[in-house]
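Notes for the one structure printed next.
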Amino acid sequence: MTVEIENDKKLVIQNEEPEQQGNHPPRTIGFISFLSIGYFLVSGGPFGIEGSVSAGSYAYVLLTYIILPIFWCIPHGLITAELSLMVNKDGGCSVWGEKAFGEYVSLSLGLFSWFASIVDLSLYPVLFVQYFSGCFGGTSYEDDLWGGGMATCTHCRLLIAFAVIVLIVLMNCWGAEQVGIFSTILSVILLTPFIIMVVMGIGHVQLGEILRVDGGLSNFKGVQWGVLLTNLVWSTSGFDATGQLAGEVKNPRRNYPIGVIGVMIITITSYVLPLLVGMQYDRDYANWQDGQFSIIALKVGGQWLGILLSIGGMVSSVGLFQCNLCTSARNLYSLSDRGYLPKIFSKLLPRRETPFVAILTNAAIVCILILMPFQAIMSLDMSIYSIVVTIECIIYIKLFIWNPDYNRPYKAISTRWLLPYMASPMVFTILILALSPFTIQWKTLVAVGVNLAIVASRYFHNKYKQKNQKKSNSVLDYEEESLIKKYSIN
């Protein structure tokens, strides 16, 4: 932006973008709603972390969930807060990439992020049915087709999954404010059974005995670090997704930094305390697998607590689906709004001002994916997301070093000496890519090749348009020159 002064001097202020106006969703997300949406984007509850306990020594599992987030969650969350406030509009990492490296990195990063999100979205309706089915365990409806046997009945499973998708699509079309309010209600319902379990079980915890399971700290080599690190990264990923809503958060200068830190604290606390109680009630780490918290809830409080936990799983799946649908739709909307995708994806619903075409498009793709055996695609999720986080860290470093004059309402760090710390998430992502099986590595390369082909096609399309524009301008200049000569008095 350029500001002209009366004495003919000019003061150039870079990157002070005005508050977005016109065809954009309004700022309707308050602090509590942002905190709830962020919690579902990053965590969604302790469901799914049970498998990490099977990696080995309880001491190392607990230390991993307490210490490593300092080098994964905190820098990634702070990067998100700073860059979101810098661009101050919807789009997240795609807009950050445009700010640092231009349109082609923006398009590539936006597509990678969208792919990872859409694969995640496809899991949640099916998980909802599984947890719903689990509610009937131990009851007279345990073997009923529309009860405990629901998860094994194809048409029952799909019918309920599609019903969940329709309801969440309607909620998203209603507005981000409503998504935030509903997420707040869901997060309370989700965390309640874990709070009850912790309150009832924490008094029985014998920490010394837990820390000695499987050799304790002396059994470093016996830990399956690949399993443990992958579970940690997977269960604490998603801070950057909150950046997709940067243009819809009220008072972002205050709410983004505080909200991101709040999400970190709630996430780590809601992991470590249930794990601690669970380790007390089940000392055999080899038994731990997905769904283990339901078994532990039965031991701690009985069947009623187990049912509450299953209800919490259903609520978690709904919250994860609605919040990820909300942010992934903003990704498509932003790419379209900036001219990288057809304009139809940036259409807003009249009166509600939500990107309904992007929402419906993502929902339709999810409906197709849940009909398919897409395990091969799902295995790419974490590796593609690792590429996204790596590029986000590079973007932050580039903007910090080469564009210090950009307006930053919030600065995560004030000195270059802390840049290695801010780049520490790259260590995790590189390890995940390097340690992943060869089958995932070559599929990742194929996905990267497809992504680059799309970006390259846009590059050559732009070059073709520029070439035609130059020809058109040359013809106009020639015709104008001919007219001048023709009617010249001399």
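Glycine too: its Cβ is placed from the backbone N, Cα and C atoms.
The transmembrane segment feature in TrEMBL is assigned to 29-49, 55-79, 109-133, 145-170, 182-205, 225-246, 258-281, 301-321, 356-376, 382-401, 413-434, 440-460.
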CB contact flag for the transmembrane segment (145-170) and the transmembrane segment (301-321), at least three pairs under 8 A: yes
Same-chain residues at least 6 beyond the ends of the transmembrane segment (301-321) whose Cβ lies under 8 Å from its Cβ atoms: 40, 44-45, 47, 120-121, 124-125, 127-128, 130-132, 134-135, 137-138, 164-165, 168, 183, 186-187, 189-194, 196-197, 200, 293-295
Range from 29-49, 182-205, 413-434 with most C-beta pairs under 8 A to the transmembrane segment (382-401): 413-434
Stretch in 55-79, 109-133, 225-246, 258-281, 413-434 most in contact with the transmembrane segment (29-49), if contact is a CB pair under 8 A: 258-281
Ranked first among 55-79, 109-133, 258-281 for CB pairs under 8 angstroms with the transmembrane segment (413-434): 55-79
Tertiary contacts of the transmembrane segment (225-246), as residues 6+ beyond its ends and Cβ separation under 8 Å: 29, 34, 37-38, 41-43, 48-49, 51-52, 54-56, 60-61, 64-65, 68-69, 72-73, 76-77, 79-80, 83-85, 87-93, 95-96, 113, 117, 176, 252, 256, 259-260, 263, 267-268, 271, 324, 326-328, 330-331, 334, 382, 385-386, 388-389, 392, 428-429, 431-432, 435
Intrachain residues whose Cβ lies under 8 Å of the transmembrane segment (55-79), provided they are six or more past its termini: 42, 210-217, 219-220, 222-225, 227-229, 231-233, 236, 239-240, 257, 260-261, 263-264, 267-268, 271-272, 275-276, 279, 285, 389, 392-393, 396, 412-413, 421-425, 427-428
Outside the transmembrane segment (258-281), six or more residues from its ends: residues with CB under 8 Å to it: 31, 34-35, 38-39, 42-43, 45-46, 49-50, 53, 58, 61-62, 65-66, 69, 73-74, 77-78, 80-81, 191, 194, 197-198, 201-202, 204-207, 210, 213, 235-236, 239, 242, 288, 292-293, 296, 299-300
